[in-house]
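OK, Swiss-Prot features for this one:
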type	residues	note
ACT_SITE	His45	active site, proton acceptor
ACT_SITE	Glu72	active site, proton acceptor
ACT_SITE	His193	active site, proton donor
BINDING	Asn9, Arg20, Gly194, Gly215, His216	3-amino-2-oxopropyl phosphate binding site
BINDING	Asp11, His12, Arg47, His52, Thr102	1-deoxy-D-xylulose 5-phosphate binding site
SITE	Glu153	site 'Transition state stabilizer'
Amino acid sequence: MNNILLGVNIDHIATLRNARGTRYPDPVHAAEVAERAGADGITVHLREDRRHINDRDVRILKETIQTRMNLEMAVTDEMVSIALDTKPEFVCLVPEKREELTTEGGLDVAGQLEKIKAATQKLTDAGIKVSLFIDADRAQIDATLACGAPFVELHTGHYADAETEEAQQAELEKIASAATYAHGLGIKVNAGHGLTYHNVKPIAALPELYELNIGHSIISRAAFDGLNKAVADMKVEMLDARR
């Protein structure tokens, strides 16, 4: 079975920095440490309210990341313009609400088809690979195909938040089915949201998955074990699931 890649989301390094309005800890430094520890890519979410990652971070990270930069962003003219100026390797289009603590669900691609298709086309024409962050739903996968996006990222939050083993298994089966369906259509499949050291293995074991994007649990463990070890330990969990 092929190995699975780890994209490390470093948003919450910026959250910690912004809590005191200081210049540290710097997400640029975090990206370097994460890459040395085995991260296959670095993910950042430039939110419209700039609550963690800011424009300066995006600009410098694009110049310094040694692996691949994945820029998460809302489908707005401002964000598309920033992406076209920055030219990260990947853009993941996500839904965004100012009042949410974190992204609460997948993008309604089917309900915003023309808007998302237009953004996808602009980014693709600039040589940027586009992923759409969606729930594990066939209608949304079909809409992704219609948009021309080569990647989806399946939302694993419902799986991560399930309160019983039965509910978690049901969510895992939905994700597995969606991954198989998307893969069959020629779409590459990533996944992420709410994944931890305790729940990542069943997701990582799904053979169609190309990459997992994980942030909060890694940054949280880094507070106790250091970022290098936190990233390396997550990579071990994921690769063990593929053996």
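Keep in mind that glycine also has a Cβ here, set from the backbone N, Cα and C atoms.
Map these features onto the structure and tell me what's around them.
Counting every protein chain shown, the number of other Cβ atoms lying within 10 Å of the Cβ of His45 (active site, proton acceptor) is 23. When secondary structure is read from DSSP and collapsed to three states, His45 (active site, proton acceptor) falls in the strand class.
Neighbour count (other Cβ atoms within 10 Å of the Cβ, all protein chains): 26 for Glu72 (active site, proton acceptor).
Around His193 (active site, proton donor), a 10 Å sphere centred on its CB holds 26 further CB atoms from the protein chains shown.
All chains included, 21 other C-beta atoms sit within 10 angstroms of the C-beta of Gly215 (3-amino-2-oxopropyl phosphate binding site).
Long-range Cβ proximity for His12 (1-deoxy-D-xylulose 5-phosphate binding site), meaning a same-chain Cβ under 8 A and a gap of 6 or more residues, is found for His52, Gly215, His216, Ile219, Ser220.
Over all protein chains present, the Cβ of Glu153 (site 'Transition state stabilizer') has 29 other Cβ atoms lying within 10 Å.
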Could you check which of the recorded positions (Arg20, His45, Glu72, His193, Gly194) sits closest to Asp11 (1-deoxy-D-xylulose 5-phosphate binding site), going Cα to Cα?
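The smallest Cα gap between Asp11 (1-deoxy-D-xylulose 5-phosphate binding site) and any of the recorded positions is with His45.
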Spatially, and counting Cα to Cα, which of the recorded positions is closest to His193 (active site, proton donor)? Options: Arg20, His45, Arg47.
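Nearest by Cα distance to His193 (active site, proton donor): His45.
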Given a separation of at least six residues and a C-beta threshold under 8 Å, show me what packs close to Gly194 (3-amino-2-oxopropyl phosphate binding site) in the same chain.
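Result: Thr156, Gly157, Tyr159, Ala160, Asp161, His216.
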Max Cα distance spanning Asn9, Arg20, Gly194, Gly215, His216 (3-amino-2-oxopropyl phosphate binders), Å?
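Per the listed residues, the maximum Cα distance equals 25 Å.
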